[in-house]
Amino acid sequence: STSPISCSLAQPVTPELLVSPSSQDGDLGSECPEDRGNWTGRLDFLLSCIGYCVGLGNVWRFPYRAYTNGGGAFLVPYFIMLAICGIPIFFMELSLGQFSSLGPLAVWKISPLFKGVGMGTILIVSLVAIYYNMIIAYVLFYLFASLTSNLPWQHCGNWWNTDLCLDHHVIKAGNTTFPINITNTVSPSEEYWSRYVLHIQGSSGIGDPGRIRWNLCLCLLLSWTIVYLCILKGVKSSGKVVYFTATFPYLILVMLLIRGVTLEGAWKGIRFYLTPQFDHLLSSKVWIEAALQIFYSLGVGFGGLLTFASYNTFHQNIYRDTFIVTLGNAITSILAGFAIFSVLGYMSQELGVPVNQVAKAGPGLAFVVYPQAMTMLPLSPFWSFLFFFMLLTLGLDSQFAFMETIVTAVTDEFPYYLRPKKASFSAVICITLFLMGLILTTEGGMYWLVLLDDYSAGFGLMVVVISTCLVVTRVYGMKRFCRDIHMMLGFKPGPYFRACWMVLSPATMMALLVYNIVKYQPSEYGSYRFPTWAEILGILMGVFSCLMIPVGMVVAVLQEEGTLWERVRQASRPTMDWGPSLEENRTGMYVASLAGSQSPKPLMVHMRKYGGITSYENTAIEVDREMEEEEESIM
């Protein structure tokens, strides 16, 4: 079953009908692309998806988003948005990948006119992969820094500290007869991050990056090396690494959770995190935030899900996997919130300031607030090491997915040349992205990282997902798509999925897109405002990935012949070889469409060739009958 279709001609087969003599000459065997490969273990796919979806955002974005948008009440829009545009699009992406066994570029055989959508995806993923690995490099830096008896960000008085630095240990030890004004002081962990790790004082802004920080550069090199070694053999190697990187964060999260909840003052933070403020639900902002959180957290539209599903066997139950991954992801986010906010509550009690003054999101939480909280605990280097090790394993498997997506997309476009050389091709991509990421290791690198983070996967990603949704339901046709899923899983998607695909998901994402454009705010980092040219550069990143779509259309139309309208119609139809990749899975309408399989009554030949009737053959008989009825009704 592993040999690709076109190769079945090379072995001598008894032709069902007389095959034209030309197709029997043996030189086809040499043209056969190397086998694509599959997941090797049963859990490889599921764990890869969990590892991909559960990333840094679950720890540093979700808890803060929940607390700023109505605490516990935020869970209402969160789960509604999960049902409307999380689960359905997740399932759609997995179905497309598994049905065709193709990467995010080649999958557009479904409608070659829209291949630009795939090109846009690859562009977005490449930009994200560049800066995501820089965040992993920061994590590695802190991981190594935690291997000491005293954490370096514990006290003031190092060469990088300024006069504003105020050590909380001093406040607690000293007599508190004279009041200390905390408002314009800085914690040692904040100065460690900005003045030592980033050395941001060496740069005046985004246009003046300054010198390369060699220790950060080495960390970036190390993180790229780790990623490369893990995706060296494609899903065969990364599918084994995820057994560790997808499960280990949960172990550490539970440890941090237990440690956090047992601290005094922990309930302060948790109360802050979960007190529901239902008046927030009336504002549109909360619903938009919930949808954005779902959108980025599940990684829809990045092509990672499609890529992973394309290495599945044809009848894998992705319906079940969809619910396991999406709900597991939501529960992880909520758990992480407890682990983060219990520690923030303890910290606010120690410092004597309200929780909302210590709460932060993004890199600020991971590299400033949480490390500072760690210094207040006994055994602080141990907890610090654990926390950063958790961030490392969370980040790595998401990065595997980004890389796997880029490599798979390109090798599926040129299977003859690139598939045998997949390892060296992966190396080329890793080195290229490492070199492009070098600007992030400079003293002003953080400004570039914020720019990439804000703009690379913004509205471009929304446009890509909306287009995919519309092409599959409107151009390819809802009926055909449901029939394909029926072929794979043995049942048709219910009314809930159909309603979401047709109306609810695209409408929700259109609303997101409009909101994003209307409420546009220029990027900032702390008090630094980005210059206009940087903003334009950021916007161009998004526009460029959208522009891929019309470019792809022009190319597709030029390849057809006839009048313009004929060309467009022809280019929007699936290609002849669209469908399951293995011949034994091509039933119904897909049978006669492959080179060399000319057969009179598709299904009967199919059964003669592959033996008895299984439940999937029954499905195929039904599908055939449906199609005949449809054709008759059209006549």
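Backbone N, Cα and C atoms are what each Cβ position is placed from, and that goes for glycine too.
Note that TrEMBL annotation is computational and uncurated.
It should be emphasised that the depicted structure is a prediction, and the values quoted were computed from it without experimental measurement.
Per TrEMBL, these features apply:
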- GLY51, VAL54, ASN58, SER297, ASN329, LEU394, ASP397, SER398: Na(+) binding site (BINDING)
- CYS156-CYS165: disulfide bond (DISULFID)
- 75-96: transmembrane segment (TRANSMEM)
- 117-144: transmembrane segment (TRANSMEM)
- 241-258: transmembrane segment (TRANSMEM)
- 290-311: transmembrane segment (TRANSMEM)
- 323-347: transmembrane segment (TRANSMEM)
- 382-402: transmembrane segment (TRANSMEM)
- 423-449: transmembrane segment (TRANSMEM)
- 455-476: transmembrane segment (TRANSMEM)
- 496-518: transmembrane segment (TRANSMEM)
- 538-558: transmembrane segment (TRANSMEM)
Considering the transmembrane segment (241-258), which listed stretch of 117-144, 290-311, 323-347, 382-402, 455-476 counts the most C-beta pairs under 8 Å: 382-402
Cβ-Cβ under 8 Å with the transmembrane segment (496-518): same-chain residues at least 6 beyond its ends: 81, 84-85, 87-89, 91-92, 284, 288, 291-292, 295, 458-459, 462-463, 465-466, 469-470, 472-473, 478, 481-482
Cβ-Cβ under 8 Å with the transmembrane segment (323-347): same-chain residues at least 6 beyond its ends: 46, 49-50, 53-54, 58-59, 62-63, 66-67, 75, 78-79, 82, 86-87, 90, 250, 253, 256-257, 260-261, 263-273, 293, 297-298, 355, 358-359, 365, 369-370, 372-373, 376
Highest-contact recorded stretch vs the transmembrane segment (75-96), from 117-144, 382-402, 455-476, 538-558, CB pairs under 8 Å: 455-476
Contact yes or no, the transmembrane segment (423-449) and the transmembrane segment (117-144), 3+ Cβ pairs under 8 Å, gap 6+: yes
Other same-chain residues whose Cβ falls within 8 Å of the Cβ centroid of GLY51, VAL54, ASN58, SER297, ASN329, LEU394, ASP397, SER398, the recorded Na(+) site, in sequence order: ILE50, TYR52, CYS53, GLY55, LEU56, GLY57, ALA246, PRO249, THR332
Among 117-144, 290-311, 455-476, stretch most in contact with the transmembrane segment (382-402) (C-beta, under 8 angstroms): 117-144
Other C-beta atoms that fall within 10 angstroms of the C-beta of ASN329 (Na(+) binding site): 25
Range from 117-144, 290-311, 455-476 with most C-beta pairs under 8 A to the transmembrane segment (538-558): 455-476
Whole-number Å value for how far CYS165 (disulfide bond) lies from ASN329 (Na(+) binding site) (Cα to Cα): 39
Long-range environment of the transmembrane segment (455-476) - Cβ separation under 8 angstroms, sequence gap at least 6: 89, 92-93, 96, 110-111, 113-114, 117, 120-121, 123-124, 127-128, 131, 295-296, 300-302, 501-502, 505-506, 509-510, 512-513, 516-517, 523, 538-539, 541-546, 549, 572, 574
